[in-house]
C-alpha cells in the first residue's frame, strides 16, 4: 500500500459557544481554559498549539442561540468580505473577528484545524460534520474516535458545499469539522453528553499529537453520510404555521433508514403523511429545535463507504 504524506498540524482551535445555548461546548471550553491556567509552564513542550475560543460571548452570556443572527451562517466569503455599517448585526462583526483570529479563511495563515463544538436536540449520538468527504485529517480523526469510543454511536456527515459557500466557523481552518452531540435540550447540560464531548475532544487532540510525532496513521473504511435533501414541516399556505409534527414512528430514529411510504409527519388533525421519495435515505437532525425557524424538519443523507489511505506527517507538503 502507498504511504501518503500530510503537513504538520501545528495550530488547532477548539471552539465552544458558537451557539450560546449549546452548553456542552461552552462548559468544556471553560473547563479546558481553567485546566490550562494550572499547567501554563508545560505549554512550551507541546508539539501542538491549542487555541481555546468562546465564539459568541454575548449569546453565551444570555444563554441564547444568537443575538442578531446565526453566527454559524456568517462565514461565507461573501459575508466575511461584505460592507459594514452602524447597523451591522453583532454576529457579522464577530465573524470578522474570528476570521482574523483563526483565518483568514482560505489563506496559508489560517489555523490547521478547527473543531467547533455543538449540541443538537436530535437523537444523533456523536457526529463529525464536514464539508469534505476526502479531508483525510478529519476522516482519520473520526476513525480514531470510533476506535477509542466503541460505546458511543459515531457518524461522519458530509455537507457537499464549496469552500466559497461554506458558512460555518469550522470552514475558517485549513481543516475543520463540527463535533455535534445529542440529544440534549438547548440551555441544559446533560452530564453524559458533556462527558462524551470531553472524551471526543481529548481523543482528537491525542491523535493530532500522535500524527505530529511522525507516526503512521493506518488507513481503513468509514461510512460517510452525505446530505442530499431537507424537508420542511407541512405549513398552512396563508399563515405559514406548521400543520404537522414529526411522526412518532420517525421521532428519535436518526440514521435509521427511511423507506418510501414510511410515516414522515402526523398532522395536528391526526392524519399520517408518508415519505414520497424514490429511494431509501438516512434521516438526521430529526425535529431539531433550532431548525424550526429555518424551515427544516429533518435532513436526509445517502450513505457510502470511503477508503482512507495510510498517512504520515511530512513537512514538505
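Heads up, the Cβ atoms here are built off N, Cα and C, so glycines get one too.
Just so you know, TrEMBL annotations never went through curation; they're auto-generated.
The signal peptide annotation in TrEMBL covers 1-20. Sequence-distant contacts of the signal peptide (1-20) (same chain, at least 6 residues past either end, Cβ-Cβ under 8 Å): 26-30, 32, 47-66, 70-72, 102, 111-119, 136-137, 168-170, 173, 175, 186, 201, 205, 208, 211-212, 216, 219, 290, 309-317.
Look at TrEMBL and you will find 11-206 tagged as domain 'Succinylglutamate desuccinylase/Aspartoacylase catalytic'.
Proximity of residue 118 (Zn(2+) binding site) to non-local residues of its own chain (separation of 6 or more, Cβ distance below 8 Å) is seen for 18, 19, 22, 25, 72, 178, 179, 180, 181, given in sequence order. Residues or ranges marked as Zn(2+) binding site in TrEMBL: 19, 22, 118.
Within 10 Å of the C-beta of residue 180 (active site, proton donor/acceptor) there are 24 other C-beta atoms, taking all protein chains into account. TrEMBL lists 180 with the feature active site, proton donor/acceptor.
The annotation domain 'AstE/AspA barrel-sandwich hybrid' is assigned in TrEMBL to 222-303.
A Cβ within 8 Å of the Cβ centre of 19, 22, 118, the residues given for Zn(2+), is found for these other residues of the same chain: 17, 18, 21, 25, 65, 72, 117, 119, 120, 180, 186, 290. For residue 19 (Zn(2+) binding site), the Cβ neighbour count at a 10 Å cut-off comes to 25, with all displayed protein chains included.
Within the model, the domain 'AstE/AspA barrel-sandwich hybrid' (222-303) shows a mean pLDDT value of 98, rounded to a whole number.
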